[in-house]
Amino acid sequence: MNNRLQPAPCIELDGAQGEGGGQILRTALTLSMLTGTPFRIERIRAGRSKPGLMRQHLTAVQAAAEVSGATVEGAEAGSQALAFAPGPIHGGDYRFAIGTAGSCTLVLQTVLPALWFADAPSTVAVSGGTHNRAAPPVDFLIRAWQPLLARMGVTQTLALKRHGFYPAGGGEVLATVTPCAGRLGALHLTERGALRELSGQGIVANVRPGVARRELEALAARVPGVVGSVRELSPAEGPGNALVLDAVHEHVTEVFTGFGERGVPAEQVAHGVASAALRYLHSTAAVDEYLADQLVLPMALAGAGCFTAVTASPHLTTNIAVIEKFLPVHITVQAERDASVVRVQVN
């Protein structure tokens, strides 16, 4: 995908722009690898309570550097400035350890799009957190994100080998990727189709199963039609608790997740999941805000496509701004006549 006949000019980024989080860095790493364009970013996560690079961000940088043979400056804990100059993307067998409960999914979402266009198949194992309230859980990637990528021509599988909850981590995810034969196909996702299933799962590891049962009962009371089940993991994978709701529609599956914490009632966890799900179900949008965040980059790589979403989050608009610095695309976000829906178009 990249063109290295002439040295590409370095792109300058402000890590505090827009939403100001780690997504700016991750998107820049992905697109830098894919386009062969070096970048420099200042003020990384400057507005956060702990600014600069944290362990999961460092792991994403190190993973991108290994996949692309990049030259990197500033890859240190707490650093608020980073320079990244990529080389060619190489497929292979990779293993990355975050060392904390930092998100495996965010590291994977940094390097996987590059490996879609590598010179050989790849496997990527990442250890760390798999169920973390600050990032999409692995369930979301497997059941919401991955099927839509497959429709665009991506051949990729994700397997959850071991759960990793905050704060201990210790989880592992394995991804396998076969490079794409050509450019990604455009995805047009403006309707979600008929509702087929509402499936709730209460996951517990070294936590009483009664907690999951209470969560599911409270969820079913708020969201009619939910069919729930309790999943007990090995105590060694805990302590941890997650409540996961899949809204399976004809054209898309959305995944909503809440996480149990010490001192937080099970009913409160269920209330959060139910509120997010009902906002989506009561709209006519094809996707919720978090899936919208994750779709815009592959759509930009395809060069075309559109989807409707519940809202245009600050994450989404900031991501769009970074994408447009690296790729010759124009991405518009417009409110539909239905005030609960926005339309995102890639041209």
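Any Cβ shown, glycine's included, is placed from N, Cα and C.
Quick look at what Swiss-Prot annotates:
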BINDING   Gln109, Tyr290, Leu291, Ala292, Asp293, Gln294  ATP binding site
ACT_SITE  His315  active site, tele-AMP-histidine intermediate
Remaining residues near the recorded ATP site, that is with C-beta within 8 Å of the centroid of the site residues Gln109, Tyr290, Leu291, Ala292, Asp293, Gln294: Pro136, Trp145, Val287, Glu289, Leu295, Val296, His315, Leu316
The residue listed as 'active site, tele-AMP-histidine intermediate' and Tyr290 (ATP binding site), distance between Cα atoms, whole Å: 9
Cα-Cα distance maximum in Å, computed over every pair in Gln109, Tyr290, Leu291, Ala292, Asp293, Gln294 that the record assigns to ATP: 14
Proximal residue to the residue listed as 'active site, tele-AMP-histidine intermediate' among binding-site residues Gln109, Leu291, Ala292, Asp293, Gln294 (C-alpha distance): Asp293
Cβ packing number for Ala292 (ATP binding site), 10 Å threshold: 24
Spatial neighbours, same chain, of Gln109 (ATP binding site) - Cβ under 8 Å, 6+ residues apart: Arg26, Thr30, Leu141, Gln294
Helix, strand or coil at Gln109 (ATP binding site) [DSSP, three-state]: helix
